[in-house]
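S.K.: Per TrEMBL, the feature domain 'NADP-dependent oxidoreductase' maps to 39-321. Positions annotated as active site, proton donor by TrEMBL: Tyr76. The site 'Lowers pKa of active site Tyr' annotation in TrEMBL covers Lys105. Feature annotation from TrEMBL assigns substrate binding site to His161.
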Amino acid sequence: MEHFQVKENQVQTRQQLFGCGGSESHNIPLSDGNQIPLLGLGTYGDPRKTPKGTTVECVKLAIDVGYRHFDGALVYFNEHEVGQAINEKIADGTVRREDIFYCGKLWNTFHPPELVRPALERTLETLKMDYVDLYIVELPLAFKPGNEFYPRDENGKYIYHHTDLCATWEALEACKDAGLVKSLGVSNFNRRQLELLLKKPGLKHKPVSNQIECHPYFTQPKLLEFCRQNDIVVVGYCPLGSSRDASWVNLTCPPLLEDELLVSIGKKYNKSSAQVALRFNVQRGVVVIPKSFSPERIKHNFQIFDFSLTEEEMKAIEALNKNIRFVELLMWSDHPEYPFHEEY
């Protein structure tokens, strides 16, 4: 019965979302009864290039603009700044803690079950928060535990570690039961890895979300459909394509925001190609977390709730799919759990 009610609520929420222009809800339900805002601010920034304090100012601005969802991670090395910004905005009365949705991530070196809770507690301590709203397994790849986030041997080769994803998940379930996190999810999991968790004997809390690369050039139709069938919300990273950083980005994929179709649809609505790309995913029920440290773009990316795309436009954008990833993570493609060898 409960399962049916969630389904019904999701249908109602999608109708509220996409059926009536002005009164659009910015949240969609998760299968555990919690809700997630459809638009979040990604907070990744290269720590070598991002001046100290930038994240604090950008998160505070984003809260003033209307953002309530923030996507962070221990390995972004700026969770202290995200936490500082949120806490300052709570202290000045702009928001309450319950208005904010924070997603943190379990890094690859913390997969052994006994390391899961300490990793989450480290994030909570850094943020100065009692709980996070969503905590996700950042990658299905386990690395050798220790002080190095990217452990390598003397030849510079990454040192992997074998852990059982189901055992890691059970440790996360215990964190939810302890009240340290409201919802549990995963990231970069393929269908097989999701099924491993969904079919786990004695599963207490199913993953409510899967954070994956998702944009008009990589629409993920099969994984999206599998997640929908299992009440798993898809959170799309790189929703505007990606930076052109050759050290980790596939540059054979053309710049998404220069796409003629996105530009021409944008002209019709007096919007940019970026706003059209974000709107496309949101309208499919995919949560988007564009990352930006530019005040103008932070404001700009939020202005996607005052127009909607027609069914024809949605289909035309879906047809742009090139099945090309910007983020391939090829440096870890020899890991036994590398998720992108499989079709989806």
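Every residue number used here counts from 1 along the chain in the order it is shown.
Backbone N, Cα and C define each Cβ position, glycine as well.
These numbers come from a predicted model, not from an experiment.
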S.K.: Could you tell me which of these recorded positions, Lys105, His161, has the greatest number of Cβ atoms within 10 Å of its own Cβ?
M.R.: Lys105
S.K.: What is the interatomic distance between the Cα atoms of Tyr76 (active site, proton donor) and Lys105 (site 'Lowers pKa of active site Tyr'), given in whole Å?
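M.R.: About 10 Å separate the Cα atoms of these two residues.
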S.K.: Whole-number answer please: how many Å between the C-alpha atoms of Lys105 (site 'Lowers pKa of active site Tyr') and His161 (substrate binding site)?
M.R.: 18
